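Q: Copying in the features that TrEMBL gives for the protein in this structure:
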DOMAIN    27-286  domain 'NADP-dependent oxidoreductase'
ACT_SITE  60  active site, proton donor
SITE      88  site 'Lowers pKa of active site Tyr'
BINDING   121  substrate binding site
């Protein structure tokens, strides 16, 4: 059982230091399904709520909006060097020769010269225009080693400060570590008390890979903010259920990227420093039963007839 203070150190710690030595703000604004108010949300998060970390991806379709929000924040006096911007390489671009052009496109849309962290979004290559779910022949061979080498070159050339991975299994991480010259700085994955993802979480510790939790509140179908255990702890601490779930992630030693398009919620979600969940309540939250992933990848990668992945379990290498 992880201790409530595990790897947190000071309770006011608002960042984590990556293996590279770069500081990553502990709470970031997520922008998946962020919608048409994204520029406003990004600007508000930075200039009014004090966020310094924004997480986005080419596949979200909002990078131009994120770029407008970042630009407005910088025009309001925020220094670029104080911001931490994450983006992700989509599955259709998982071939070595497409890595740099994909990043250049992201930089153009974000109106930036470099980004702080660039992830492989999912470790599966898709054909351009792949259907959801994919048809026969739309999930292609992924040259993980070749793509990672190109990601490493982006670091060498100063276009990206750190590189990382999302939605990896222990099996896929082990494969990557065998050839990587630069160890992934961060592994981003779904994590909340209803899906603790312990196996990959533990696997990241030995090589010193920092973990970022996405979907910290669960999902619309299994919203942990309405879980009676979470509500009870929130009432006891006089915090919102969302704050308790975000704080839980921090006390586990992970950074966390809650998403909201409501100004009030954006501000609330970063009020998670200077207090902590007591040990006994942290343990109670940890004992919420693991149910299932919110994001299985099934819609993106599974073709039950033709494969190569015929089930979500195969997508996750039967690890959980």
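Residue numbering: from 1, along the chain as shown.
Placed from the backbone N, Cα and C atoms, the Cβ positions cover glycine too.
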Q: What Cα-Cα separation, expressed in whole Å, is found between residue 88 (site 'Lowers pKa of active site Tyr') and residue 121 (substrate binding site)?
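A: About 5 Å separate the Cα atoms of these two residues.
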Q: Using all protein chains in view, find how many other C-beta atoms are within 10 Å of the C-beta of residue 88 (site 'Lowers pKa of active site Tyr').
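A: The answer is 24.
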Q: Over the span of the domain 'NADP-dependent oxidoreductase' (27-286), how high is the average pLDDT in this prediction?
A: 96
Q: Taking the Cβ of the residue listed as 'substrate binding site' as the centre, count every other Cβ atom within 10 Å, in any protein chain shown.
A: 21
Q: Taking the Cβ of the residue listed as 'active site, proton donor' as the centre, how many other Cβ atoms fall within a 10 Å radius?
A: 20
